[in-house]
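Enquirer: Okay, so Swiss-Prot annotates it like this:
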- 445-452, 492-496, 546-549: GTP binding site (BINDING)
- 81-94: compositional bias 'Basic and acidic residues' (COMPBIAS)
- 99-108: compositional bias 'Low complexity' (COMPBIAS)
- 112-127: compositional bias 'Basic and acidic residues' (COMPBIAS)
- 148-173: compositional bias 'Basic and acidic residues' (COMPBIAS)
- 178-189: compositional bias 'Low complexity' (COMPBIAS)
- 244-255: compositional bias 'Basic and acidic residues' (COMPBIAS)
- 276-287: compositional bias 'Low complexity' (COMPBIAS)
- 292-301: compositional bias 'Basic residues' (COMPBIAS)
- 318-328: compositional bias 'Low complexity' (COMPBIAS)
- 436-606: domain 'tr-type G' (DOMAIN)
- 470-474: region 'G2' (REGION)
- 492-495: region 'G3' (REGION)
Amino acid sequence: MAIEEKQSRFRISDIARELQVSPREVLQFVKQEGGKVASTSSMVGEEMRDMIFGNFSQEKKLVDETRKIRAEKKKRLTRLEEQSRKAYEKEQQLKESLSSAPSPAPAAHTPEPVKEPFVEIPARHEPAVSPAAPAEQPVIAETPQPESPKEEVVATKAPEAEAKPVEQPEKAAETAVEAQPEAQSQQEPGAEESAEASQTLVQTLPDSMKTYEAPQKIGGLTVLGTIDVSSGSDRKKKSRKKSFKENAAELKDEFEGATSGSSEGGEAGRKKVAKAAGEGESTTGGEDASGKKKKGKKKKKVEVDDKVISKNIKSTISGMDDSGSSGSRQKFRKMRRMERERELEEAEAMREAEKSLIKVTEYASPHELAELMGLTAKDIIQKCFTLGKFVTINQRLDKETIELIAMEFGFDIEFTTEVEATTTEEQVDNPEDMKTRPPVVTIMGHVDHGKTSLLDYIRRSNVVAGESGGITQHIGAYEVTVEGDRQITFLDTPGHEAFTAMRARGAQVTDIVILVVAADDSVMPQTIEAINHSKAAGVPIVVALNKIDKPEANVDKIKTQLSEAGVLVEDWGGEYQCQEISAKKGIGISELMEKVLTEAEVRELKGNYSRDIMASGIIVESELDKGKGVVSTVLVQRGFLKVGDPFVAGNSMGKVRALMDERGKRTDEAGPSTPVRVLGFEDMPQSGDVLTVMESDRDARDLAQKRQIIKREHEFRRSTRVKLDSIARQIKEGLKKELSVIIKADTDGSIQALADGLMKIHNEEVKVQLIHQGVGQITETDVLLAAASDAIIIGFRVRPNVNAKRLAEKEDLDVRFYSVIYHVLEDVEKALEGMLSPELHEESLGSIEIRQVFRVPKVGNVGGAYVLDGKVPRDANVRLLRDGVQIYEGQLDSLKRFKDDVKEVDSGYECGLSLKGYDDIKVGDVVEAYKIVEKKRKL
């Protein structure tokens, strides 16, 4: 417990830092809320912390959004750094490959950089240069300027490239065709001389045309850079210088994103020209061709890496800053990208949350917890040891311990019942199968306010006659046809306080609540409770003010009390419909039904009427019939429940043997909102369980067995824990008295009401221990269990069989029979009061003053005393006071008048006395006489 308290305390300054507000503001708020704090270093509990967060909700929202933005920015910066690192590694690899590459090899790929940039241009001029590769050679000679000596040099150095691949003529032809348009557009009068020079050039290469293709291509490209006579020289020099000396600088500039879109286009154009021109000047004539080939390959690799690096970095920068995007399309793409990233992050966060959320049933073992958390059982046990709990690997842990362990390991716990842990797959409703269904109306209100009388008049039958004391003992479900052949299903709930669970269950399965309030009474606690149940379930309320025919009826008083309870009727400007009725005389009943049907039409109640879907419903009530077995009242919610359907309901299963309405008439099927009595249960289901039709008996049995196993584990753990706790408590505080009880009743709802009522009757010393509960008559097994447990048997509207009655008389057991629940609760309360230890009170009898002390041989000191007040009996308890301080407490050893022993001495008389076991009596001591009186206690 100390650990839990420590973890639930928070410092005010830490809370203020988390909210990013002034600690003094938080301190002032805590003081306004009544918190006992002295400074910003004071600690507050978890409840006060939640109140602080609620008061500073806007600040907390801003802080959470800021943290989220920072987290997203941090993630993007991390991705940018990772991409930059990869780009830097690629650059280093590129430099290493350029420095280690051999000189002859690059020529094989020299034409590729020139091929890619201009591949679209020849498409418009291709018909003019359609001849094959050998015929294209004269065309190449048309492009150069009249610098024929330079072409002679290139031709003479051609033998160095004899080992080149055969496909180079085709590439050279393409390059020549690409260069032709510019050459034709800027052709000068000296072009005829260049044509003659080209003819002489072709004649000097009779046998080595294939090996000459690559140099011829390179030679033509070298001259191609000088086509623009007006301003081509500067561009040529600049492009050559940049491609030769600033390859690394270009890479760095693009890497840093410094170049704009227009400058990138210009640089790209210059790079294309530079590549076409051979990319670099040769320092010596003999190394010109090989140098150009090497530079060409280097530039090819650099260009590919530039594109990848530039694309990655620009996309990252544009994702971080709006200035990086230009145009609506780029902005739209950026927004879509950010949206996808946000969705991915949210999905990842949800997956992480699901990973940290584990669903367990209560009383799981350390081994099961370890499997769910992905840990070892040793880790769980060690954590329990550190928390002060000594457990074994298969020991069942309670709910608090499981929550504490999960919090220590950073997991969220969600507890499920045995039914939720084995839930069947939810079937999807087809909109075409959804049709209007009859409303389910629950009648609620205080006991004796006329709920059953109202239903009695609507059904035009005497329901109350079958109820003991005129009080409804269980939920009744009835289907009624009102005017206009409209169907309404009514649920009649008990009104007295013992049936709180039943009213809550009725509110959960209903569509509309009729709240019956007696006009001659007032709004009672059960009326308020019914209102709260209805509001919690989100069910509309129609108020019925009953007994208006009585002279003492006061409608306005009831409406005032209802408004104070949060139910403001329409007559007073509220939203709740109200109708004044008399259930006995039938006044206002038809108007009440119209309002109920109107409310149902507004809500547009739909039900699945498909015959292909598996039916399901709610167990409203269960009982054990002598000739029929277990009979349950089921309110069908979807589909059609038919005879022969296998089903599972809670921990029980079965097969529908028969269906009957509330009047005992057999039927073959029941649709939505239809109450029906079902025969065929193997075990007694609990009220409120969901009945689900299964595909086969085997599926139903397997599911029911799984639920039964989990339930047995829970019950075993609960009983074991109670015994262990009671042993420790009895050792520490003394024996706690228990009244063991066995309950047998006619219906499951009555058992639940009795159990809830009996559990409320207890205090620190006595309590009711419910040994067993069941539906049906009292049997020999119940009697034997009561004899072994020293328990009493309570039969609620049931009797024992012959053998059980004979055995109970033989064992001298206390078997009691009741038909009204109040009598059970009253008798059990009296029995518990009799088990309570009586209260002890001290009653003063008188006081005696010691005036002289005598020494008597073989007796000791004897005091001569005078009775100041009261009457002192011989057997009274006494205490000796000296100067107001208690010296002795005990009993009188002797009391005498003169020499005679007396039973008592009245006020104003002298006497002699001696104390039992005490001899130090002195003059002036005062002896007080008193007795202990026992007083009966009440719960």
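Yeah, the Cβs are placed from backbone N, Cα and C, and that goes for glycine too.
Predicted, not measured: the structure shown is a model, and the values here were computed from it.
Can you tell me where each of these features sits in the structure?
Expert: Around Lys451 (GTP binding site), a 10 Å sphere centred on its CB holds 26 further CB atoms from the protein chains shown.
Averaged over the domain 'tr-type G' (436-606), the predicted model reaches a pLDDT of 79.
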Enquirer: Helix, strand, coil residue numbers for the compositional bias 'Basic and acidic residues' (81-94) per DSSP?
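Expert: Breakdown, helix to coil: 14 helix, 0 strand, 0 coil.
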Enquirer: For Lys451 (GTP binding site), what is the secondary structure state per DSSP, taken as helix, strand or coil?
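Expert: In the DSSP reduction, Lys451 (GTP binding site) maps to helix.
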Enquirer: Within 10 Å of the Cβ of Asp448 (GTP binding site), how many other Cβ atoms can you find? Include all protein chains, please.
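Expert: There are 16 such Cβ atoms around Asp448 (GTP binding site).
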Enquirer: Which has the fewest other CB atoms in a 10 Å radius around its CB: Gly445, Ile548, the listed binding-site residues?
Expert: Ile548
